[in-house]
Every structure is written in structure tokens, then in C-alpha cells.
Amino acid sequence: MKQQFKGLCVPVLEHPKLQDILLIPVVGPRRDLKKHASEVIVGAHCGNAVLRGAHVYVPGIVSASATMKAGDLVSVYSDIEGKCKRGAKEFEGVKVFLGNGIAKLSRSEIFSSSGPLNGMGIRMIEPVYLSPSFDNVLPSHLFLQNLPSVVVSHILNPQPGDRILDMCAAPGGKTTHLATLMHDKGEVIAMDKIANKVKKIKQNTELLQLNCIKAFCYDGTKALSVEKREDEQEGPPFFPESFDRILLDAPCSGMGQRPNMSYSSTLKEVTSYQPLQRKLFTVAVKLLKPGGVLVYSTCTITLSENEEQVAWALKTFPYLQLQPQEPHIGGEGMRGAGLSLDQLKLLQRFDPSAVTLQGMDVNSLQDSREDDLISLANKDCIGFFIAKFVKSKSQ
């Protein structure tokens, strides 16, 4: 990190409630950066990655100045409305400055028909946010995650020997965390219905040298077996009441994700998630053993996908009971779904809009107390929701 930050000492903090978590403050936005005449425009997804410490790779580049050569100093911008034409030589639309870098390739090499389709296009040297890159940094020891995504695995609290189901598991950050929390003893079944995403789960499993994870490409809504099977098949579909703990980190509208400079989903797409989440939840309840724990989570902020789902679940499955969460780092649930104040206190909602954010420059970082930095990290994160249930008796 010192090499990346040219000698600047950024603290690495241990989280007081989560012993397996290291927190690294992000410095920025830096307002003193000089903008260069040569410009590169990247897509919004690439722009989000740059804000998190990534360099710019060729597939993310949409446009570059006409005279750009390898070795040139360039300013990088994000096309947040998706209106820049690929291969354009200039762009006057809405764009957000991401920082400065050095071109690794010329414009003609990037956009020629036989040019490179991957590899680094711009090496960022002055990003607006100083966020360290963890590319190939202790890859079998460290895993980069958002704080609430780590908290949710602790709340499920897997024990050695448990049989765990991670219903919508890709890319496998929570899956691998669950396996490490149970000391790689027991069984973690990871499912996702998209084959490429399942491949990513398997790659992360191998990288972290975990043996108790089995990943399957399967639709979670069809994971319940309705008839007895003769074979000893270990994969889905599964018999009812066959898991000790289940994590349903449900597909959602993703409105809590940060950084996110553009949101393209339509209202119809946003409202389509609630019925899908209920289908998955119903299967999860049936697959859970009596006395088992079910944790439901999303990375969105809407009432309909969070507290309304909890109210629906408690009404639909009277043998489910809300449970306290440990650790409880976020706020309580949001009113408006008919839940009591006591029930809202059992929910955990991470809401980044609840904290007034100021920029963090190098001087204020050096002057900050460790407790203040940890308190900020607990709040300045993605939007996220967690509910924990226990199943009291068989259906």
C-alpha cells in the first residue's frame, strides 16, 4: 500500500466487533488534481471500479482523444448516462472526472479491429479517490468485501459440522466467508442459476483453498425436491428440512450499491423483484430444518424488498420467529410495513444516507482518531438489509 500511495501511510484498522475484518480508509475526493487536455471516456461500470481503486482495462474504454499515444498523461471520465459513442474522438455530454493516468496503448491500438480486447488501457496514477488496489495482493489470505456483506455471514453464525445452503451465492464472497467461519468443517452448498457466476464461486473456493464448498448451477426457486430419489445425488433439488442454516442473499434492485453513478433499471424491473424474492424465501423455509436459522438479506434500500418481505414472511409462516442479530452494527428497520417497534429493532438496515459525509484528505486522515474512523466505516458503506429468522417447528 505504501508503494501504491508513494509513501503515504494509510492506517489498516482492526474492527473491534469482527476479528476477521480489516478496515482501510479511503482518501478523497481530491480536489487539487490538474486535468489534462487528452481525455479518455469509460463506461459507468468501469468508472465505478476506478473509484474503488482499479486501473482502466480496454473493454471499459468508450472514447479517447484523437491524438492519444502510449505514454501520454490523460484525464479519465465516466459517461454516466451511456451516451458516448464507442470510438468517438471527443465527448461533450455529462461526464464525471475520475482522475489522471498514463495511457498504456495508443488510441489506434485500442480501437483498431485487430486491436487488444483486454489488458490494461490506462494505469491510474492520480485517482480522485485513493483506494488501494488489491489485485494479486495476498490473494489466498485476503478477500475484498463491503462491511455489511461480512456482517451477514457472522449473523448466520455457521458452526463446524453444519450443512449450510447459500441460495444465490455468486460470486462467492459470502460462501467462502461462511466456510472459513466454520473452519472448513461441514458442508456449504452454493447455488446460482448463471453458469459463469458459478465458475467464479469455484475459482474463489480454489483460491482460498477451501474444501467444504460444493457449487451448483441451479435455479433456487426449483431447489425443493417434491419426489423421493433413488440415487445418492448430492446436488439440487434437495429434500425438505435438509439444512441447518440457510442464507438467502436475494436478487434485488441493488439500489444500495456504491459507488454507483448511474441507475438504469426501469420501474417495472424494480417491482419484479418482490415476487421472485418470495418464491425463493418459500423454498428456503421448506428446506430449513426445525430449529434452523434463515438469514434474508438484500443490497437495496426499498421498503418493498426488505421490511415488507419480513411482514409477509411472519404472516405466511407463523412458525418463523424474528431473532436478535449479533453483531448489530447498522440501524434498525424502517417504519411503514406494519411491523412493531420491537420487531424493527431486531432488523438491521445499513443506510449510507443517514451519515453526513465529508471528504477525507491526507491531513484529516492523519488527525483522525481510530475510534472515529471505525465509526465512520460502520456507516459509510453500501445500503444493505438483514433479517434473521428461526424456524420453531416442522410444517
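Residue numbering: from 1, along the chain as shown.
Placement of Cβ uses the backbone N, Cα and C atoms for every residue, glycine included.
Straight from TrEMBL, the features:
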ACT_SITE  Cys299  active site, nucleophile
BINDING   Cys168, Ala169, Ala170, Pro171, Gly172, Gly173, Lys174, Asp192, Asp219, Asp249  S-adenosyl-L-methionine binding site
DOMAIN    67-392  domain 'SAM-dependent MTase RsmB/NOP-type'
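For the binding-site residues shown (Ala170, Gly172), fewest C-beta neighbours within 10 angstroms: Ala170. Pairwise Cα distances among Cys168, Ala169, Ala170, Pro171, Gly172, Gly173, Lys174, Asp192, Asp219, Asp249, the recorded S-adenosyl-L-methionine-binding residues, top out at 19 Å. Rounded to a whole number, the distance between the Cα atoms of Cys299 (active site, nucleophile) and Asp219 (S-adenosyl-L-methionine binding site) is 20 Å. Just so you know, of the recorded positions Cys168, Cys299, the Cβ with the fewest other Cβ atoms around it within 10 Å is the one at Cys168. Its Cβ placed at the centre, Lys174 (S-adenosyl-L-methionine binding site) has 24 other Cβ atoms within 10 Å. Gly172 (S-adenosyl-L-methionine binding site) sits 15 Å from the residue listed as 'active site, nucleophile', taking the C-alpha atoms as the reference points.
In the shown protein chains, 15 other C-beta atoms lie within 10 A of the C-beta of Asp219 (S-adenosyl-L-methionine binding site). Calculated from their C-alpha atoms, the gap between Cys168 (S-adenosyl-L-methionine binding site) and the residue listed as 'active site, nucleophile' amounts to 13 Å.
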